[in-house]
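Participant: Here's a structure for you.
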Amino acid sequence: MNNDKPRRGDDDRLLYCSFCGKSQHEVRKLIAGPSVFICDECVELCNDIIREEMQDRLSSGKSSHLPTPHEIRDILNQYVIGQNHAKKVLSVAVYNHYKRLQLGKKNDDVELSKSNILLIGPTGSGKTLLAETLARLLDVPFTIADATTLTEAGYVGEDVENIIQKLLQKCDYDVEKAQTGIVYVDEIDKISRKSDNPSITRDVSGEGVQQALLKLIEGTIASVPPQGGRKHPQQEFLQVNTANILFICGGAFAGLEKIIRDRSKKGGIGFSAEVKSVEDKRSMGEVLQAVEPEDLIKYGLIPEFVGRMPVVATLDELDEAALIRILREPKNALTKQFARLFEMENCKVEFREDALRAVATKAMELKTGARGLRSILENVLLDTMYDLPSMDHVSKVVIDESVVKGEAEPLLIYENQETKAASD
């Protein structure tokens with residue numbers, strides 16, 4: 001019945017840790033190697049030593065490589081078109097966050113709080129791309145979570161701690177690395193409280209999720225199953241401290257501009273009709289820049305959650321000119337990506353100016369922003385990309401407005417031959 005008696009080796013001798021000298025019944029576990037043993041306490045001590053050395057090495061190595069806000073913004077400019085105000089806000093917030101990690105342990109007098117970020121902007125305005133680019137620039141683990149799939153613990157759906165598990169997966173379960181990562185929570189506006197009044201029924205995907213997320217964002221020790229998860233339930237859970245993980249939450253917040261306008265109208269004293277007319281002339285981007293915490297609370301975010309998102313950056317709706325620039329200018333612009341694909345077939349592709357304008361117009365009509373540009377171009381080039389590998393001597397493909405509108409086929413230019421239409 002009682003299993004507390006010390007186990008013995010094959011020769012009936014007690015086994016001892018080769019490092020600290022404790023016997024096997026003085027420790028929880030004794031791990032055997034070729035003619036040596038190590039106990040769980042010594043393993044933990046070794047882990048602590050390695051962890052401290054890694055932190056010192058990371059802090060000393062990164063301090064000289066942390067880009068300044070100007071440098072961060074310059075790199076964002078290479079990948080994201082427009083959104084200058086949001087880039088400036090993000091550059092400062094991210095710089096301060098990682099500077100805080102480097103200097104946090106060196107200053108005992110002042111404790112620097114974490115500044116999580118809330119991005120507000122329409123679909124396809126670049127919220128996710130900004131967060132992805134920041135993580136790539138800083139070389140830190142990055143994961144995206146969809147707030148609409150999250151529920152409170154115990155209900156059908158994803159538990160909020162699954163977010164940390166995804167972050168761990170991105171860095172091969174390196175806990176130290178994960179604890180300095182970036183988490184982007186998309187569609188955060190979809191978990192707003194359903195009404196201003198507290199509900200009698202359980203709101204498992206709204207306020208409840210906000211409360212659960214709040215714990216992660218504030219900083220908690222999250223228990224995450226190791227690799228293998230449920231397949232190996234006997235494994236001990238990994239403990240991840242979320243205090244230094246940067247959370248960036250993004251959402252379209254449809255209807256928020258109306259709340260802001262209503263608040264602004266109430267603020268006017270007299271001449272209300274004149275104030276109203278001035279308010280109505282502002283663009284959605286200008287209105288959103290005037291957002292206050294009370295507007296977000298009225299929208300449905302709980303006050304505690306809003307309080308943990310001190311940095312708010314608003315993104316403008318992209319106009320046709322911005323979409324054309326997105327197609328052509330960024331480092332990984334779509335036209336450059338398709339040009340590379342065609343190069344692999346020893347062929348060039350030319351997008352004429354009117355074609356880019358037609359693609360941008362179509363994206364504006366679909367209200368998909370920059371997100372819809374790729375699918376439009378994929379549809380336009382589908383037949384050409386299907387036929388091209390089977391065709392010989394095609395040196396160039398020309399796309400113009402009529403091709404985008406579906407009124408004509410792309411123009412194919414052959415080597416040492418007369419130009420032909422794709423329909424020939």
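If you go along the chain as it appears here, the first residue is 1 and each next one adds 1.
Glycine residues also receive a Cβ, built from the backbone N, Cα and C atoms like all the rest.
The following feature annotations were taken from Swiss-Prot:
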BINDING   CYS17, CYS20, CYS39, CYS42  Zn(2+) binding site
BINDING   PRO122, THR123, GLY124, SER125, GLY126, LYS127, THR128, LEU129  ATP binding site
DOMAIN    5-58  domain 'ClpX-type ZB'
Participant: Does DSSP put CYS42 (Zn(2+) binding site) in a helix, in a strand, or in coil?
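Facilitator: DSSP assigns CYS42 (Zn(2+) binding site) to helix.
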Participant: Counting across all protein chains shown, how many other Cβ atoms sit within 10 Å of the Cβ of CYS42 (Zn(2+) binding site)?
Facilitator: 18
Participant: Going by Cα-Cα distance, pick out whichever of the binding-site residues GLY124, SER125, GLY126, LEU129 is nearest to CYS17 (Zn(2+) binding site).
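Facilitator: Spatially nearest to CYS17 (Zn(2+) binding site) by Cα position is LEU129.
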Participant: Reported as an integer number of Å, what is the Cα distance between GLY126 (ATP binding site) and CYS42 (Zn(2+) binding site)?
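Facilitator: Per the Cα atoms, GLY126 (ATP binding site) and CYS42 (Zn(2+) binding site) stand 49 Å apart.
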Participant: So among CYS20, CYS39, CYS42, all listed as binding-site residues, which is physically nearest to LYS127 (ATP binding site)? Use the C-alpha atoms.
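Facilitator: Ranked by Cα distance from LYS127 (ATP binding site), first place goes to CYS42.
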Participant: Other Cβ atoms within 10 Å is the metric here; tell me which of the binding-site residues CYS17, CYS39 scores highest.
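Facilitator: When each Cβ's neighbours within 10 Å are tallied, CYS39 tops the list.
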Participant: Take the mean position of the Cβ atoms of PRO122, THR123, GLY124, SER125, GLY126, LYS127, THR128, LEU129, the recorded ATP site. Which other residues of that chain put their Cβ within 8 Å of it?
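Facilitator: Checked against the 8 Å cutoff, the neighbours are GLY121, GLY250, LEU315, GLY369, ALA370, ARG371.
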Participant: Could you check what DSSP calls PRO122 (ATP binding site) once collapsed to helix, strand or coil?
Facilitator: coil
Participant: Would you kindly give the Cα-Cα distance separating CYS20 (Zn(2+) binding site) and GLY124 (ATP binding site), rounded to the nearest Å?
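Facilitator: It is 59 Å, counting Cα to Cα.
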Participant: Could you check what DSSP calls LEU129 (ATP binding site) once collapsed to helix, strand or coil?
Facilitator: helix
